[in-house]
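Annotated features, as they stand in TrEMBL:
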- 9-452: domain 'Major facilitator superfamily (MFS) profile' (DOMAIN)
- 57-81: transmembrane segment (TRANSMEM)
- 93-111: transmembrane segment (TRANSMEM)
- 117-137: transmembrane segment (TRANSMEM)
- 149-168: transmembrane segment (TRANSMEM)
- 180-201: transmembrane segment (TRANSMEM)
- 267-287: transmembrane segment (TRANSMEM)
- 307-325: transmembrane segment (TRANSMEM)
- 332-353: transmembrane segment (TRANSMEM)
- 359-386: transmembrane segment (TRANSMEM)
- 398-421: transmembrane segment (TRANSMEM)
- 427-448: transmembrane segment (TRANSMEM)
Amino acid sequence: LTFPLLSVTLLVSFGSSMLYGYNLAVVNSPAEHIKAFYNATWSRRYGHGLAPGPLTLLYALTVSIFALGGLGGSLLVGVLVERYGRNGALSRSALLVLLAGGCMGFSRELGSPEMVIIGRSITGLHSGICLSVVPLYLGEIAPKNLRGFLGLMPSIFICLGVFSAQVLGLPELLGKDRFWPLFLSVVVVPASLQLLLLHCFPESPRYLLIERNDVCGATKALHRFLGTPDVQDVIEEMKEEQRSLSSMEMVSVWQLLRERSVRWQTLSVVVLNAGMQLSGIDAIWFYTNTIFENAGIPVSQIPYTTMGTGAIEVVAGLIGCFTIERVGRRPLIITGFCAMGVCSAGITISLLLQADLPWMRYVSVACVVGIIAGFCMGPAGVPFLMTAELFMQSHRPAAYIVGGSLNWLCNFTIGLIFPFLQMSAGAFCYLVFCGVCLLVALYVYLVIPETKNKTFMEISHIFA
């Protein structure tokens, strides 16, 4: 593990991945302040306030528009990484965060709820790009024995982003009514740092050699990342992959979906990415305060309870990162989904029994913690890592478009319908998430092979 490898991993994880986690959780604590701003603005414009139903819908749109922006960003990944490279795509996408931060930061001064919604959609666009490009970049620059460790580093920073939003959202910090626009726009700080420093690191060697045929540039990049003058073995492995793809252009999404030789890899990406979002983790992140309130936690204690869950996320992410090269990808992801499924069922049982057994509120909190810990230990990062590992260079961008699009579509669906699902189904809504988690764990156990310490060519041969 060289200093340049570790530095660029920390930089893109801090400047891109952490913002995804931050934006997932940032709307949780200021929810009532944002709703009050929407209601007051509506009253000034039209002479009457919003009814509870339309106000809930407008706020749900503010939460879920982030995912629609993410869907748009994921669809742009193929074009951006082919035209600008992995490093170049990440540098340019940071400009979107500066624009979004400005919109959200000045929204109250200008009396414009639309600016909050537009800002949220632009941050989603940025996250949609980076959620695919960061693991793609790290997966291509990392040696095979470090691919799991470096590939899960972004998931730790996603958890750190969630935790940062929970800490800054405390009433003693930016959780007050007058600070919520600043709270939403803090994202410009990490993005600015990435914009300033990322150009100091080279482009992906695999991109340079296989797609640009720049052997000299790829060699220099490998010298920098691996810290050794002897990179001939890695160059030869890349050239072998390049020769195997010499008669093949970069594959489009439509071609990927139709190609029989990679159908199990494609189906695996679909199952992992859809399952990751339909597991209910976004419902937990978007509506943590509401869930704890329904569980009977006193309102004054909810921000601190939420912050405690965030700290556990970070610890779980670290455990996953430091054990993935030892235990492998499959055990982590199967264990994570099984834990989430059991804890989702536990939330349903605890909420149903709470009227007779008041101490069941603590079981609800424990189950929420279990879902978050299970997710951060494996499902948070392994699907993105495995998308890079399951495909050759020609298929990888299209695979990230498919996985990313499904990821964001499911994210949007959960963010929009969960409040209404909770109102109609009550405690039973968590049983849906339980079923999804257990089915995904079963699929991984039956279908997906272990990819630890294997080259991309070897993984392709296993599926073949």
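Just so you know, the numbers here start at 1 and follow the chain as drawn.
Note: Cβ is positioned from N, Cα and C throughout, glycine not excepted.
Counting Cβ pairs under 8 Å that are 6 or more residues apart, the transmembrane segment (427-448) and the transmembrane segment (267-287) reach 3 or more and are in contact. Counting residues 6+ beyond its ends, the transmembrane segment (398-421) has Cβ neighbours under 8 Å at 56, 60-61, 63-64, 66-68, 70-71, 73-75, 77-78, 124, 128, 131-133, 136, 250-253, 255-257, 265-266, 269-270, 272-274, 276-278, 280, 282-283, 286-287, 290, 383-384, 387-388, 390-391, 429, 432 in the same chain. Contact check: the transmembrane segment (359-386) against the transmembrane segment (180-201) gives fewer than three Cβ pairs closer than 8 Å, residues 6 or more apart, which falls short of the contact criterion. Confidence for the domain 'Major facilitator superfamily (MFS) profile' (9-452), expressed as mean pLDDT, is 84.
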